[in-house]
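Structure record follows, encoded as structure tokens.
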Amino acid sequence: MGNSVIVRRLGLLAVLALCVVLLALVPHLPSYYVRVVDSILIYIILAVGLNLVVGYAGLLDLGFIAFYAVGAYAYALLASGQFDIHLPFIVILFIGAAAGAIAGVLLGFPVLKLRGDYLAIVTLSFGEIIRIAINNADDLTNGPQGIAGLDRASLFGLPLTTPVHFYWLLLVLAITVCGGVYYMERSILGKAWRALREDQDVVRGLGINTTTLKLLAFALSAAIGGAGGVIFGAFQRFVSPESFTFQESLLVVLIIIIGGVGNIVGVIAGAVVLVVLPEVLHFAAQYRLLIYGVVLVTVIVLRPGGLVSPRFNLGFIIRKVRTLWLSPSKT
Amino acid sequence: MLDYFLQQLIFALAIGAIYGLIALGYTMVYGVMRLINFAHGEFFMLGPYVYTFIFSGLIGLGGLAPMLDSAIAIIASFVIVGLLGVAIERFAYRPLRAYGRLAPMLSALGMSIVLQSAVRVTVGPQPVHFPAIVPSTPIDALGGMVTTVQFGILVAAVLLMVGLTLFVNGTRLGIWIRAASESWTTSSLLGIRVNRAVSLVFFIGPGLGAMAGIMYASYYGIMQPTMGSVIGLKAFTAAILGGIGSIPGAMLGGFLLGAIETFGTAFLPILSFGYIGTEYRDVFAFAVLILVLLFKPAGLLGETVSEETTVAKKDY
């Protein structure tokens, strides 16, 4: 008995150590791979943010990328030669998140009485309107050419220029966002969102203001999207409306569904699969998209509930670790 | 000014008819399955490609009378694209019925990628010239200039819409479709083969989409693999505008969207003294949609679903 506990604890330690070592090894990979990992982390942040709305509150938002665009353009306008404003990165990070949240509330306020597909199409329209407006407001955003030559970012005196720098930043941010959302998921707020997803009339009957709940989900997820956009802008040092198409919104939704709705572990898995898959398929040249689509449909048809089972979530892993460590006899 | 207005009106009707035909596919599928079929725009794109394939095949075999060749190719593209729709429903959507509404929607999205890239791989990504089915000659209508193509599109689309309405309201199969849209469970209890109704919808919807594609391609004289994405999105907007699930609503929504777009594009720069240009055409269409939904949350002709009787309490 005692022996097996030690073995299991060692096994657990080994798994945790392996994760840490893998994450620590990433910066030593060739630059291309670091960029792919960066991109995975950005999509994890976005998808965890959108998951608040789609996965927890059960509202389909097809225009999420608009908030990402708001963040990216916040960086582009406040840290470039466009208006010769050069604010520090960290300030813009908060401005971008706030601007995202405000946009989220502005969108959410009038449309949240709509249900289901009507909400989906209105958010979609909103995303398109933002993109077209960016495309045409030449004086402000430089139109389709986009804004190039954004400032090199730095954080507390540390430069943020190479993919490796962004890897560390994104890793910290992704862990923070996942942790924060996990905390929220377990709070009374998270429970209220889930109830909202199951039956909004009952939630209203219990005396909870559903509009406030929905607005909160919208604002928080939009803030995360905005912050992600700021980092994207600082990373690319170039923004143009092309990065914020309807297809991008759909990609984020796709990550959530492929991984497993309302499950942070699932979202991480989904982001890894959907970012890595097109990279792996580079060998297939012009057949790349075709194979990508076929794989997508096959995965959905074979595992309609997502790749990761709803039981295998962050809470499950934490419980497992805790029981094994504190009271191993119960496992 | 008046002849300019008339000319714009005919243009609005022609493009609106095309939107309406595509919107019908969205709305019928939504009616029976509560599914946003994101692959529907691709059926629209497939229409002209299948038509060209069949038509040139017939010509290659020697050909019959030119008009007969066209007619055969048109009917064949309706049938082929329709059957493709049935097959896609069978293999990509039906297995997902028990898994909520997000999974089939995303499967549809995947199918859209598959169809579009399949066409791109086989015929190449570049736009291809689409030969006119009827020669485009201008007609003078009350002072406005109309082409035979515009006129033909309008007539053909209206005929298809009238045909569909008669079919859905007057035949046994039409009753199946309407019953299945009303309530899946009740109609299967009453002995209606719901799966057949679904297959039928997935035959008619894509078929109509293909017809709209042929009209669109002969109007602009061009076809390309990506043409379904934007038009599909707009037609979906039209379906929502009219009230999704409602067949007359889709037609109304299509014409309305055509009118909003055309007159918005034509008169917006004049009314705003050149400040808002034609580039805001799409913003205009989407903004009208949002406004309509704010005041009529179920679209213009959609069933007003009260809070208590919402069919699907779980949105997603």
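Each residue, glycine too, has its Cβ placed from N, Cα and C.
Per TrEMBL, the features are:
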type	residues	note
TRANSMEM	A:40-58	transmembrane segment
TRANSMEM	A:65-83	transmembrane segment
TRANSMEM	A:89-109	transmembrane segment
TRANSMEM	A:116-134	transmembrane segment
TRANSMEM	A:165-184	transmembrane segment
TRANSMEM	A:215-238	transmembrane segment
TRANSMEM	A:250-277	transmembrane segment
TRANSMEM	A:289-306	transmembrane segment
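Ranked by the number of CB pairs under 8 Å to the transmembrane segment (A:289-306), the listed stretches A:65-83, A:116-134, A:215-238, A:250-277 are led by A:250-277. Looking at A:40-58, A:65-83, A:215-238, A:250-277, the range that has the most CB pairs within less than 8 A of the transmembrane segment (A:116-134) turns out to be A:65-83. Sequence-distant contacts of the transmembrane segment (A:250-277) (same chain, six or more residues past either end, CB-CB distance under 8 Å): 36, 39-40, 43-44, 46-48, 50-51, 54-56, 60-62, 64-65, 178, 181-182, 185, 194, 197, 292, 295-296, 299-300, 305-310, 312-314, 317. Here the transmembrane segment (A:89-109) sits apart from the transmembrane segment (A:40-58); fewer than 3 CB pairs are under 8 Å, leaving out pairs fewer than 6 apart in sequence. Same-chain residues lying 6 or more positions outside the transmembrane segment (A:165-184) and placing a CB less than 8 Å from one of its CB atoms are 23, 26-27, 34, 37-38, 41-42, 44-45, 48-49, 51-52, 155, 158-159, 190, 220, 224, 227, 231, 234-235, 264, 268, 314-315.
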